[in-house]
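First the structure, in the form of structure tokens, and then the observations on it.
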Amino acid sequence: MAPVSNETFLPTEAWGEATLRPSFVRDEDERPKVAHDRFSDAVPLISLHGIDGARRAQIRDRVAAACEDWGIFQVIDHGVDADLIADMTRLAREFFALPAEDKLRYDMSGGKKGGFIVSSHLQGEAVQDWREIVTYFSYPVKARDYGRWPEKPAGWCAVVERYSERLMGLSCNLMGVLSEAMGLETEALAKACVDMDQKVVVNFYPRCPQPDLTLGLKRHTDPGTITLLLQDLVGGLQATRDGGKNWITVQPISGAFVVNLGDHGHFMSNGRFKNADHQAVVNGESSRLSIATFQNPAPDARVWPLAVREGEEPILEEPITFTEMYRRKMERDLDLAKRKKQAKDQLMQQQLQLQQQQAVAAAPMPTATKPLNEILA
């Protein structure tokens, strides 16, 4: 099926195209450095078996070490039913296989809360990500707008409800472990989130004609407390812990959840725990599916370190709300992108002027032409 139009181009409609559309091409310094399937086992894998019993202290220590080192780890034996995971991923793939018009019925551009979109819901981005997404605002339950939840494929809404409930329980359990690792009561982090928000984002990364020129999801840190990511076995999630000098591709593990610490979790630990620096790359052979469940504090929740260790100072100047924290983050990111574009445009203009000057300098000097009467004399 051909794309609906340039305004509604869907990456899933791009099969047969040999080149990447310009809106998806990234600057060279942002392009992938490591292949989607060059897997690393550097990210810790932690079994949660016994988390409510004798192994809790051991699990707590391993989670704390992973957050201090990477801000990212994987968990197995987490208690989320394998059949539920299978249903969620199967129905998600069925949705992205629907005709464009069925998906675009739930277009979430223009500030709509939930639904379908290409690349990102963020405004002002200069380059698009090579992905299609469906977003569910699932908690608080009273704020759900089921009119923004796709009706197709049949049964997906009910599965998303069950999935979000199980992920909320797992997230709270993990936040309890993080609270204890900071020397606090088990419920400290959950209480600091007040009435916790949850957002389920289903990412579909189609095959890409030129995967070396783009990203499925640009480099970033998540704004919230923690994120739980379910991914298939294709590979594409990448992480760095040295500011982007070196990247690794996280080894996909069937049924595991990748846990990312977000900016809020970083601030609440007073910087002890890293906010995971990550991105997603794509490939030209197969599509990839991942499902990210973002656990965020309530918009008016107070952002301030819960635990400041002896000899440390708070990493924030003053307490702020999560809404203000998020606003500042988006403002910084967009300002950085704007300044980068301005610098790129300025460099291109300088190069053009230099080329023009070189062309003038290389041109042969004009020779004087004799008058006609002298030529004929």
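Positions of Cβ are set from backbone N, Cα and C atoms, glycine also.
Under the heading Fe cation binding site, Swiss-Prot lists His220, Asp222, His278. Residues or ranges marked as 2-oxoglutarate binding site in Swiss-Prot (evidence: sequence analysis): Arg288. Among the features that Swiss-Prot reports, domain 'Fe2OG dioxygenase' is placed at 193-297, with the record citing sequence analysis.
Structure coloured by features recorded in Swiss-Prot.
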residue: His220; record: Fe cation binding site; contacts (Cβ under 8 Å, 6+ apart): Asp277, His278, Gln279, Asp333
residue: Asp222; record: Fe cation binding site; contacts (Cβ under 8 Å, 6+ apart): Asn260, Gly262, Asp263, Asn275, Ala276, Phe294
residue: Arg288; record: 2-oxoglutarate binding site; contacts (Cβ under 8 Å, 6+ apart): His36, Phe204, Tyr205, Gly216, Gln231, Asp232, Val234, Gly235, Gly236, Ala280, Val282
Helix, strand and coil residues within the domain 'Fe2OG dioxygenase' (193-297) as assigned by DSSP: 9 helix, 44 strand, 52 coil
Beyond His220, Asp222, His278, what residues of that chain have CB atoms within 8 A of the centre of the Fe cation site's CB atoms? Leu217, Arg219, Thr221, Thr227, Asn260, Gly262, Asn275, Ala276, Asp277, Gln279
Starting from the Cβ of His278 (Fe cation binding site), draw a 10 Å sphere and report how many other Cβ atoms land inside it. 23
